[in-house]
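Asks: Have a look at the structure that comes next, please.
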Amino acid sequence: MKTAVQQARANTRSGEKTFQWFVAILLTVGGLLMVLPFAWMILSSFKTEGEVTKIPPTIWPQHFTLDNFKLLFDSMAFGTYLTNTLIIVLASFFGLFLNAMAGYGFAKFQFKGKGFLFYLVLATMMIPGQVTMIPVYLILNQMGLTNSMLGIVLPGLVGAFAIFLFRQFMSDIPEELLEATRLDGAGEFRTFLQIVLPISTPILAVQAILTFIGGWNSFLWPLIIANDEKLYTLSVGLSLLKGQNESQFALQMAGSTFMVVPIMIIFIVFQKYIIENYTISGIK
Amino acid sequence: MKGSSQKLAPYLFIGPSIILLTLFSLLPILLALVISFTDMDLSGLVNYESIRFIGLENYTNVLLDPSFIKSLGNTLFFVIIGVPLVLIFSLSIAILINMGKSRAFKVFRVVFYLPSVTNVVAVAVVWSYLYNPTLGLFNYVLGQMNLGPVPWLTDPTVAKISLIVLAVWRGIGLNMIIFIAAIKGIPGSYYEAAQLDGANTWQQIRYITLPQLRYAIFFVSITTMIGWLQFFEEPFVMTKGKPLDGTLTASLFIYNNGFQFSKFGYAAAGSFILFFAIIAVTLIQFRLQNKAES
């Protein structure tokens with residue numbers, strides 16, 4: 001009797017084990033398909049132009065070369081594009097700070113028009129980019145900001161979703177803590193900088209990573225506003241590269257690798273924060 | 001004195017954001033509405049006096065424009081095929097990852113999320129290479145299996161499907177994370193009770209997981225659908241709407257008219273038609289959801 005129960009338990013345990021293996025294999029096959037384009041991209045970027053067009057294709061580069069990357073910087077102005085992209089990233093961090101301020105304002109103050117203004121902020125989330133694209137261009141044109149870095153950066157500086165997340169998080173900061181700081185004679189802004197922001201590190205971290213990724217990847221708006229190659233971002237430069245060097249695949253792969261790998265590294269290092277953000281933001 | 005600074009403080013905190021959102025989100029939508037009733041073009045940009053009010057002319061012209069009708073048809077094709085695919089893949093992968101008992105399964109979250117965070121232009125460049133008819137990896141692999149070459153981006157219908165494959169690959173990650181978060185929110189006691197009753201894995205998914213994920217599935221299908229209705233970057237970088245307008249989407253049509261041909265009024269009218277279509281489809285979704293609830 002006893003052995004029969006043990007036998008049954010052992011059976012379910014081994015059944016469970018097989019099942020776990022089955023799931024793992026299924027996910028591994030899917031996962032390989034997910035990373036295949038990236039692997040192909042990175043490996044091709046180190047091949048010579050001749051090797052990339054060879055049939056049958058090689059998987060591992062026969063003649064490992066960095067020439068493609070050198071070409072990007074020596075004759076294609078990728079250095080300028082990189083600088084512009086980093087400026088956009090920095091500016092978007094300033095935008096992040098403004099979002100945090102607005103989130104705090106909505107979370108911890110009672111003031112006239114609060115409800116109305118907050119709904120106004122939320123309403124902007126529902127407006128599709130296609131509708132505002134043309135008028136925003138016209139507004140910037142009126143302000144004389146087309147073809148300028150300010151014109152690229154300004155429209156995307158603040159965002160309703162980020163404000164919303166900050167408000168959610170900061171609502172939970174205990175009132176007594178803020179009161180105590182105020183009693184110590186700190187101004188409102190100092191309270192925000194020295195108490196509120198440090199407490200908000202978890203949400204700040206998530207937003208910072210997402211802001212970095214967003215800034216690094218920004219494409220459509222710089223494309224619309226920048227006429228001058230001096231203002232192009234990496235993605236605008238890369239789409240240009242694709243159009244002008246249709247048959248130079250190794251070069252194209254090097255450009256793509258240069259865009260994608262930094263984000264991959266940042267994402268893999270910080271993914272824990274992003275993925276857990278979805279529990280913070282309460283999407284259930 | 002303290003009282004007055006207390007009163008002013010919140011406005012100083014929210015002020016910059018409110019000003020920027022008003023200037024670049026709220027005001028533009030009003031402006032777009034006005035522009036859509038005018039014949040504004042490049043000359044109007046220089047000299048406002050040349051802009052004429054033409055009533056609904058843009059709207060009637062857009063709705064009769066064969067390439068706009070074609071772009072709407074294509075957009076619908078993308079929505080009808082793309083949304084269910086993203087939903088099924090991201091949900092199945094989320095459930096599978098959640099079944100894993102080992103910590104190693106967390107690696108899969110990263111792997112499947114990776115395409116979502118990478119740059120769309122870079123990704124489109126890479127996939128153009130994979131799809132290349134003679135040098136691409138896909139046709140080479142098919143050739144090795146004695147299957148004929150596929151005209152990935154050169155046939156109007158196949159090109160649509162090729163773009164869907166790419167966009168689904170990119171779209172799985174974010175939605176999968178949303179599903180994983182939702183699955184984690186289901187109380188474990190439900191599963192324990194079901195196991196005591198002898199329910200197998202499939203029955204647990206069918207009768208516990210899926211019903212509990214009702215709201216997440218609804219959320220994902222709405223956001224995914226709105227995303228596909230605005231489908232732009234992949235066709236813009238990879239095909240420019242070619243071949244034969246086969247991958248021209250509504251967003252691409254608006255962009256082309258606005259920024260290639262500088263027909264601002266015409267493009268604005270197109271954008272409002274798309275906006276209304278999105279609102280209509282979203283409302284229908286909410287209706288269906290409410291019906292299913294009651």
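Every residue, even glycine, has its Cβ placed from backbone N, Cα and C.
OK, TrEMBL features for this one:
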- A:21-43: transmembrane segment (TRANSMEM)
- A:81-104: transmembrane segment (TRANSMEM)
- A:81-270: domain 'ABC transmembrane type-1' (DOMAIN)
- A:116-140: transmembrane segment (TRANSMEM)
- A:152-170: transmembrane segment (TRANSMEM)
- A:249-270: transmembrane segment (TRANSMEM)
Asks: Determine whether the transmembrane segment (A:152-170) and the transmembrane segment (A:21-43) share at least three Cβ pairs under 8 Å, counting only pairs 6 or more apart in sequence.
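Replies: The transmembrane segment (A:21-43) and the transmembrane segment (A:152-170): touching, no.
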Asks: Which residues, given as numbers and ranges, are at least 6 beyond the ends of the transmembrane segment (A:21-43) yet have a Cβ under 8 Å from it?
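Replies: For the transmembrane segment (A:21-43), the nonlocal Cβ contacts are 59-61, 253, 256-257, 260-261, 264.
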Asks: Checking distant contacts: for the transmembrane segment (A:81-104), what same-chain residues at least six beyond its ends satisfy Cβ-Cβ under 8 A?
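Replies: Counting only partners 6 or more residues beyond its ends, the transmembrane segment (A:81-104) has Cβ contacts under 8 Å with 121, 149, 152-153, 156-159, 162-167, 169-170, 192, 196-197, 200, 204, 207-208, 211-212, 214-216, 218, 222, 230-237.
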